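Scroll down for the structure; my scribbles are underneath it.
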Amino acid sequence: MRQRRSPAEEEEALRISNAIDEELRREREAMRRRKAKDVKVMLLGQAESGKSTLQKQFQLYYSSSTLDRERASWRPIVYFNILKAIRMILEELDWEYGLGASGPGDPLSVSPGLLPSTSGTGTGSGGSGSGSSTHSRAANPAWFPELGLLRNKLLPLVASEDALASELSGGVHVAGGKTGVYVRSGWQALTSANRSWPLAENFTQAGGGGKQAQWAVTNIVAKTLAASMDEVEMLWWHPGVQSLLKGNKLKLEEYAAFFLANIRRIAQADYMPSNEDILHVRLQTIGVTEHAFDINLGGTNYNWLLYDVGGARGQRHAWVPFFDDATAIIFLAPISAFDQVRPPASFLTRFD
Ligand SMILES: Nc1nc2c(ncn2[C@@H]2O[C@H](COP(=O)(O)OP(=O)(O)OP(=O)(O)O)[C@@H](O)[C@H]2O)c(=O)[nH]1
Ligand SMILES: [Mg+2]
């Protein structure tokens, strides 16, 4: 007759059995992968043509569990996109109407030196400079003081943009972050489908001591956003802002309208990005990133290796080595660009 095992022996036997099962599963997986064919697909196209967005759609369709693991990591990037959109709106208002009192310490980049003096700037003190441009600023409309108040209330939020970029870049200060150049060292390596996601860990362990401290700026931005969501909403739907958008004077990136219209949901304390949020996020790709998916087509298994490249001109040299053994290329052309007009004069003058 067999002797009964003690609870400790039972536990040990279960551990060994589970380890064997796991080893068998890994071997089966490796064998399946060896049998599967490699398909190397390159995503090419200009910057902001939607390469990374298409990659995320592949991930959502074929490997949604990995997107779930990453979900929390996208939260600070959504905040970062929102801060940039608000800053661009305020800068354009400053430029058009001399709304703010730009000067030392003001986080907005339209400094008095760049603003030409024009008549009708009223209370806006930003118009006292002697810039060489021919920009003539619009006269103060009736809602001028109202937008001025909103601007003042939103400045602390906008002022966090560079600090947030720096925190997301792993402590590396990103010079020129305000022009949209954004680098998160190691971000690309972390996005491969079979790696865990340290950022997500930080957020899922809310209140978990030391790790939370690393995300101090993100947490402050989340709180500031929650406290100023009314102002963000008022700014976005304000007739002064909407008329600049309609007149093509204010050109925002694709994500801005979506995130700003959803600010109430995003500003909640327990906010977790939805699939749609993740698809709307704009994060410039640096270098080339590889994403692996297992795809079954007509009963055959394929290992799809998707190469998402940086589309900006300075990034294109990195594409070359990947052409040699590429199975296919998906080239993206943004149809949203078909009716794009020249950048507004304010943009050209400021950044030329
Ligand atoms: N309306 C609309 N927006 C899109 C579509 N595809 C992408 N976008 C948006 O356009 C932007 C495209 O950004 P990315 O996908 O990061 O562009 P990218 O080609 O990877 O750019 P780089 O990494 O700089 O080369 C994102 O904000 C997306 O939300 C689309 O089909 N429709
Ligand atoms: Mg990209």
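Backbone N, Cα and C atoms are what each Cβ position is placed from, and that goes for glycine too.
Keep in mind that TrEMBL annotations are predicted by a computer and have not been checked by a curator.
All protein chains considered, the CB of H280 (GTP binding site) has 22 other CB atoms within 10 Å. According to TrEMBL, the feature GTP binding site maps to L279, H280, V281, R282, L283, Q284, T285.
For T285 (GTP binding site), the count of additional Cβ atoms within 10 Å of its Cβ stands at 21 [all protein chains shown]. The Mg(2+) binding site annotation in TrEMBL covers T285.
Per TrEMBL, the feature compositional bias 'Low complexity' maps to 111-120.
Feature annotation from TrEMBL assigns compositional bias 'Gly residues' to 121-130.
Annotation comment: TrEMBL describes 108-137 as region 'Disordered'.
Taken in sequence order, the binding-site residues L279, H280, V281, R282, L283 that lie near ligand 2, meaning a CB under 6 Å from one of its atoms, form an empty set.
Surrounding the centroid of the Cβ atoms of L279, H280, V281, R282, L283, Q284, T285, where the record places GTP, the chain contributes additional residues within 8 Å, namely S52, T53, I77, N81, Y255. Cβ neighbour count for Q284 (GTP binding site) (all protein chains, 10 Å cutoff from its Cβ): 16.
Around L279 (GTP binding site), a 10 Å sphere centred on its CB holds 19 further CB atoms from the protein chains shown.
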